[in-house]
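Engineer: First the structure, which I've put down as structure tokens, then a few questions once you've had a look.
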Amino acid sequence: MNPLTWTIMVTSLLMSTIIVLSSHHWLLVWIGLELNTLSIIPIIITHHHPRATEAATKYFLIQTAAAALILFAGILNTWKTGLWTFTYTPSPSTTMIMLAAMLKLGLAPLHFWYPDVLQGATLLTALIISTWQKIAPLAILYTISQTPSTTMLMVGLLSALVGGWMGLNQTQMRKLLAFSSIAHMGWLMSALTLNPKLATMTLIIYILTTTAVFLLLSSTTTLTTLDLSSTHSSQPTLTMTLMLLVLSLGGLPPLSGFLPKWLILNELVSQDLTLLATLIALASLPSLYFYLRITFLSLLMAPPNNSATELKWRFKPTFSPTLTMTAPLATLVLPLAPPFINTL
């Protein structure tokens, strides 16, 4: 892509999310979402491949349908209340907005498009879809989640279940991370319903960890689980870092990913939702299994190598500055737990 075009697309992508975050008017929110969709489509289709075209088409149709649903909900809200703002939202509008946000986030049971879009995109484009593109829909959900909603809690539990079970049989890393994202969005929905501050902290740790994983996979050009077995001989440091990042995604202590899950379960139990806390904790076990499988394939399935291949990694440093910043944050935040707990 031409550098000027790339700059315009990325700037529009950033500005569209900022418009959604700073707006109290339904029409401006809709404009921001449409600008967001139109900005990411050329980035997805940059990789000239039939799968990229298919992914861009699916993404455009899904996001346009969700934006149209939000516009309709805003018009219905204005017709009932005479206001375009978020000050009051009656029940039918809330339901439509929640459905639209679920569709944009790829939450179960509206997750069918998400793995295919990530599989058709490049790793860096999939990173944008999995992180930055989540912020605007979550901001919309934040405005309508001022009171605990049983529907949002059930959607969170279902997403955690679907993300875990559907990821068990995947061999493509992008699809596997797509189902991982669905499962994490389930935890995030539960946190958003109960404690928005906790949801913000969960989102930050999710973005840091997912960014580090995608950048690492891009540095090692790893697209399938089969590729993992050959990365240790050429890039052992990055492979060890991948192991820590994946275990952090799984929520194992003492890594950063344990902190949000621990606090979410604590919040659920403190609000007498013990059954939901038990179910969502059990739903995370399938996800933990395929995270451990990635670790096993990357470290314990390395083929025998001679000395020439073992020393190959010394002559091609591939550390990106962003990866070196995000990887420590994605694995070492747990000691900051007391300040986090005091602010929640």
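Every residue, even glycine, has its Cβ placed from backbone N, Cα and C.
Taken from TrEMBL, the feature transmembrane segment covers 5-21, 27-47, 59-76, 121-144, 150-168, 175-192, 198-217, 238-255, 275-302, 323-341. Residues or ranges marked as domain 'NADH:quinone oxidoreductase/Mrp antiporter transmembrane' by TrEMBL: 23-282. Per TrEMBL, domain 'NADH dehydrogenase subunit 2 C-terminal' is recorded for 288-340.
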Engineer: Can you name the far-off residues of the same chain, 6+ from the ends of the transmembrane segment (59-76), with a Cβ under 8 Å from a Cβ of it?
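Structural biologist: Same-chain contacts beyond the flanks: 26-27, 29-30, 33-34, 36-37, 40-41, 44, 84, 92-93, 96-97, 99-101, 103-104, 113, 117, 129, 140.
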Engineer: Hey, which bits of the same chain come close to the transmembrane segment (121-144), Cβ under 8 Å, at least six residues off its ends?
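Structural biologist: Answer is 13, 16-17, 20-21, 29, 32-33, 36, 40, 43-44, 46-47, 52, 55, 59, 70, 86, 89, 94, 97-98, 100-101, 104-105, 152, 174, 177-178, 181, 185, 188-189, 192, 196, 199, 203, 206-207, 210-211, 214-215, 217-218, 223.
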Engineer: Give me the stretch from 5-21, 150-168, 275-302 with the greatest number of Cβ pairs under 8 Å to the transmembrane segment (238-255).
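Structural biologist: By the under-8 Å Cβ criterion, the transmembrane segment (238-255) pairs most with 275-302.
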Engineer: For the transmembrane segment (150-168), find every same-chain residue at least 6 residues outside the stretch whose CB is under 8 Å from a CB in it, and list them.
Structural biologist: 98, 102, 107-109, 111, 115, 141, 175-176, 179-190, 192-193, 273, 276, 279-280, 283-287, 289-290
